[in-house]
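**Q** Here it is, the structure in full.
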Amino acid sequence: MANLVQDSRKHVACYKYAIQYPLGCHYPATACLVPICSLYGAAVTTVEGVGSIKTRIHPVQERLAKCHGTQCGFCSPGMVMSIYTLLRNHPEPTPEQITKALGGNLCRCTGYRPIVESGKTFCVESTVCELKGSGKCCMDQEDGSLVNRWEKMCTKLYDEDEFQPLDPSQSKQGERITWITPATLNDLLELKANFPKAPLIMGNTELGPSIKFKNEFHPVFISPLGLPELHFVNTTDDGVTIGAGYSLAQLNDALHCIVSEQPKEKTETHRALLKHLRTLAGAQIRNMATSGGHVVSWPNFSDLNPILAAGNGTINLISKEGQRQIPLNGPFLERSPEADLKSEEIVSSVYIPYSTQWHFVFGLRMAQRQENAFAIVNAGMSVKFEDDTNTIKELQMFYGSVGPTTVSASQTCKQLIGRQWDDQMLSDACRWVLDEIYIPPAAEGGMVEYRQTLIISLLFKFYLKDPQKFPNIPEKFVSALEDFPIETPPRNSDCVDPHQPLQDPVGHPVMHQSAIKHTTGEAVYTDDMPCIDQELFLAPITSTRAHAKIISTDISEALALPGVVDVITAEDVPGDNNYQGEIFYAQNEVICVGQVVGTVAADTYAHAREAAKKVKITYEDIEPRIITIEQALEHNSFLFDEKKIEQGNVEQAFKYVDPIIEGEVHVEGQEHFYMETSSILALPKEEDKEMVLHLGTQYPTHVQEYVAAALNVPRNRIACRMKRTGGAFGGKVAKPAVLGAVSAVAANKTGRPIRFILERGDDMLITAGRHPLLGKYKIGFMNNGVIKAADVEYYVNGGSVGIILYLHKDLSYKSDNFCLCEISLCFASTQVVEACKTNLPSNTAFRGFGFPQGTVVVEAYITAVASQCNLPPEEVKEINMYKRISKTAFKQTFNPEPSRRCWKECLEKSSFYAGKLAAEEFNKKNYWKKRGLAIVPMKFSIGIPTAYYNQVAALVHIYLDGSVLVIHGGCELRQGLYTKMIQVASHELNIPQSHIHLSETSTVTVPNGVLTSESMGTDINGKAVQNACQTLMARLHPIIRKNRKGKWEDWIAKAFEESISLSVTGYFRGYQTNMDWEKGEGNAYPYYVYGAACSEVEVDCLTGAHELLRTDIFMDAAFSINPALDIGQIEGAFIQGIGFYTIEELKYSPEGVLYSRSPDDYKIPTITEIPEEFYVTLVRSQNPVAIYSSKGLGEAGMFWGSSVLFAIYDAVAAAPKTFVLSSPAAPEMIRMTCVDQFTDMIREIPRDDPSTFTPWSIRVS
């Protein structure tokens, strides 16, 4: 079971491949869940089998690359396989099929739209690109260069003649496990009788995670894949029987056929199931999970079981003793012993009866996001009326995710039999069902009041759906019946300057230089590097306590396990184990859950991981244990001295204003969720204590520094090499240095290479993320909306160590009297920033460096001022904006004209005011759904206010054949830095891009490099490359002048003959920024990025769901070096911002344990979160400071997600509400902000005394 079929990049568990079953259909599947043994008789295609740069790439790979659908590239093979498999089954897919096929894939970089776009090029009506309008990609250079039509592609994957003869019965013996594949049904029943505890394994979607994460062990597996008795559909006059081996995807197809053939009144249950199958998991899981396995695994979150129960479904069981049926009813779903399967029984099929004329069945659900997320609450409900009446004859209600099992509200239903289907019945039903279904205050998953509200909100939706009552439903209520659609957005982006010369690569949408390698899976990441002789795998031993003394550590059991070479602890660190406040291995005391206490080195990762679990550590808790900002304030626990900026006289200004308002805003943290987890390969050398580390990082010099300190060697003995990494977003600035030191100590002790690849759960636990923030404000303003005074305090949850804390904050609003850190307003203001020290893993840099958190506070209080003045928020924003050349709070002069232009264009081209009127009209006509719009301006400061962090160097070598090698100190994270450097070198040397190559970033070639962050990568490295190229051209100028008609290669040969050096170190001293915190002034930033964004949303007030209807983004790009990459950065940052402000929630226990450690628990945006209409415009301006008058855009776009947050609040403001603004505006917050009869019912329920229980989770901001 340990060996799973995966793509060649085996460090990614979610890569997809296509399986061809005997029926000839192709299915994408999730590699990490499919045991090799289960693939007997299947043809498996990985991304390498689709196409390769060594042979010929496939059109799917080509178009994904050319449509700029890759950035870091780590998810690209999975995207290729999903689209490829779809095309195998549907050569001319619809846009809806493309969206559906990609629903199970995750991407953190692109924002999904270019990926969808590449798939849509295969549709009959292609919408790839606006530049040609021909359906062909704008990047096509030569018609014959690559195969670009589906008709030309070979659809044959294999030669049947090469297959070995089938042995129908297969038994495979492993180190600890026996895998048995029965050839017949009788064999299966015999095996189940002989091995009654052996699990049946088909899809492995339930069992696989339990084995991996819950340490389940089974010595025998029985896999009945391929048995025809489990794969069938049988239709009778009464209903349909589906074989238990049918996958959920096959079940979906079968139900579609049944619904199309049968009268609507007979298929109530079938249509309810189809609706939920569309969003249940992703396409890959639906292709693997079986209908029988899903039913009998009893998941409490199942979307199907409540519907099957409401529709009176049954399961058919078989054993050696015979056959029997079990009703899919309350006792079965609640796991009553009398309704359970016997150990020797298997599920042979599921029976779904037809509904009758007066029988109505519905499925309802609410999840954190629309697709591929477990339900927060789901329900299956059915009602049967007396013929031609609204008198209830039969009623069933089943709820999921409200307890450890699916729950039946049977007592409520019994009491309602014979009642009329009317409002009084609804009122009674809501009260009774709340009495019957009790959710304890400390229930796992939390959200107790929200889940209670959903129980009766979904019941209300069921009540409205009754066709008998529909004619009498108030028109305002009708929209509550409509689900949000899943749309496929078009591409609408302005990008290329039509006046830019074609021969000049600068300014053109050049494809990412690694894009083709991304899509073929041939781009090499750290864990792709071949195994090295004597290599060991490292697994971490982490603390389970937030603040405790280590009493003892017993490693004896771990060392006794097979394959274990050593256990590494603090005693093994030859140098400094506590370097600049960072502790590599905990010693004597732990200060957070997830702190590294030790590591295990073993011959395989499985052995290392198993041994790590056997290390026994005894703790003694230490008080206080500080988890939240409030607790830190109570104990006066801070990491640094406060940072404070004051402008004007705040106290005096408050005396001369009209109203004064006070409030606070909570902004929760965010997980980076880069696709490639932290990965390190440490290679000790035999001589001079040298060590080489291959890793993904944004700051190789930092890693080199920490490793040298841990090993007690000079830095010149440590080489850090970085080719690329699968996403970073700030999360690989500081943390790789600590993990690099941990790895290096292990390599030093064992004397062997160490491969340290963190699993997703460990990465999320150890590396932490964006700082949670609490903002407190006091605002004085006039009744016309002019703000005169602001006193704002910011408190961030820094965690246990202050690694990187940088509240990067500057706004579009002016301030004359105020008191903060790095903010530009234009009213009297005092602003204070405090970094709270808590017993959580140290939070760190994240895209925007504090800007996305801090600016929400300002936008929140401006919205509050607008509400108080009874003015639209956009009017108050415009009143308080910078209007002319001004100075920031720290006395830096700037011109806000680009900001004003972006604001004006955004208002006009988004039709903002017309949209507001339309939304107001919509809201008048709809009671349970509301629309809202918001527009936000931005003034984002670029760079770091410390000059020496802006210096960089670059090497440029010209070889005698004319080829050029460029090396610089920047890191390729996803942003296309290497691509832009090739464009710069091509422009400066006036040679084709094909002549230029970048290999990797290394501390050996470019020492003392600074971090690649703050949107500065192209700015500073581009200047260094430009400097080197210009120096080379100056050397070549005399030769070129003598032979102007010569070729580049001739000039290079002649320069060599004349002993002219063809190698140069370029250098950029950096922007001379500074900040004097004593004086509160400085030339802090080299320039600003301006912009404006407008979003429109629709909110379902009954559930808290929302749909993003439209977003318009106008970004001041000055002159874009590569519009395709820059727009990709904006779109990707925006979608990441949507996640931060709306759905991404980190859940912590009161003891400081992070619950959200997997894609199951932490939801980032998927393809369904893209706006239905999405427009991005790059606004031209001048920026003489930066290379080619460009601007760094990679981080600023994160803030645009707040336009969705404030649009949600604008929509909620149109409903009855209790308004407290916080972020994220997750479904729970939206629903509980809207006040109605259902929330009133919940708040009337007597609450348990808080002292009698411990809540499941707490807010840490």
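Even glycines carry a Cβ here, placed using N, Cα and C.
TrEMBL does not curate its annotations; it predicts them automatically.
So TrEMBL lists these for the protein:
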ACT_SITE  Glu1195  active site, proton acceptor
BINDING   Cys32  [2Fe-2S] cluster 1 binding site
BINDING   Cys72, Cys75, Cys107, Cys109  [2Fe-2S] cluster 2 binding site
BINDING   Leu200, Ile201, Met202, Gly203, Asn204, Thr205, Glu206, Leu207, Asp303, Arg365  FAD binding site
BINDING   Gln698, Phe729, Arg847  Mo-molybdopterin binding site
BINDING   Phe849  substrate binding site
DOMAIN    172-357  domain 'FAD-binding PCMH-type'
**Q** Round to the nearest Å and give the CA-to-CA distance linking Asn204 (FAD binding site) with Cys109 ([2Fe-2S] cluster 2 binding site).
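**A** If we compare the Cα positions of Asn204 (FAD binding site) and Cys109 ([2Fe-2S] cluster 2 binding site), the gap is 29 Å.
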**Q** Which residue, out of the recorded positions Glu206, Asp303, Glu1195, shows the minimum number of other Cβ atoms inside 10 Å of its Cβ in this structure?
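**A** Output over recorded positions Glu206, Asp303, Glu1195: least Cβ neighbours within 10 Å is Glu206.
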**Q** Excluding Cys72, Cys75, Cys107, Cys109 themselves, which residues in that chain have a Cβ inside 8 Å of the centre of the Cβ atoms defining the [2Fe-2S] cluster 2 site?
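**A** Other same-chain residues near the [2Fe-2S] cluster 2 site: Thr70, Gln71, Gly73, Phe74, Ser76, Arg108, Thr110, Met675, Gly726, Gly727, Arg974, Gly1132.
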**Q** Taking Cα atoms as reference points, which of the binding-site residues Cys32, Cys72, Leu200 is nearest to Gln698 (Mo-molybdopterin binding site)?
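**A** If we rank Cys32, Cys72, Leu200 by Cα distance to Gln698 (Mo-molybdopterin binding site), first place goes to Cys72.
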**Q** Can you give me the residues near the recorded Mo-molybdopterin site, meaning same chain, not Gln698, Phe729, Arg847 themselves, Cβ no more than 8 Å from the center of the site's Cβ atoms?
**A** His672, Tyr674, Gly727, Ala728, Gly730, Gly731, Lys732, Val733, Ala845, Phe846, Leu973, Ser1013, Glu1195
**Q** Compared by Cα position, which of the recorded positions Cys75, Cys109, Phe729, Glu1195 is the closest one to Leu200 (FAD binding site)?
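**A** For Leu200 (FAD binding site), the spatially nearest of the recorded positions is Cys75.
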**Q** Just to be sure I understand: of Cys32, Cys72, Glu206, Asp303, which binding-site residues have a C-alpha no more than 10 angstroms from the C-alpha of the residue listed as 'substrate binding site'?
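**A** Neighbours among binding-site residues: none.
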**Q** Starting from Glu1195 (active site, proton acceptor), work out which of the binding-site residues listed here (Cys32, Cys75, Cys107, Cys109, Met202, Arg847) have their Cα within 10 Å, and give them in sequence order.
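**A** Close binding-site residues: Arg847.
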**Q** Out of Cys32, Cys72, Cys107, Cys109, Arg847, which of these binding-site residues is nearest Met202 (FAD binding site) by C-alpha distance?
**A** Cys32
**Q** Near Arg847 (Mo-molybdopterin binding site), how many other Cβ atoms are within 10 Å of its Cβ?
**A** 27
**Q** Nearest to Cys107 ([2Fe-2S] cluster 2 binding site) by Cα, among Cys32, Glu206, Asp303, Phe729, Arg847 (binding-site residues)?
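**A** Result: the closest of the binding-site residues to Cys107 ([2Fe-2S] cluster 2 binding site) is Phe729.
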**Q** Select the most exposed residue of Cys32, Cys72, where exposure means the fewest other Cβ atoms within 10 Å, treating these as the binding-site residues.
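**A** Least crowded of the binding-site residues Cys32, Cys72, by Cβ count within 10 Å, is Cys32.
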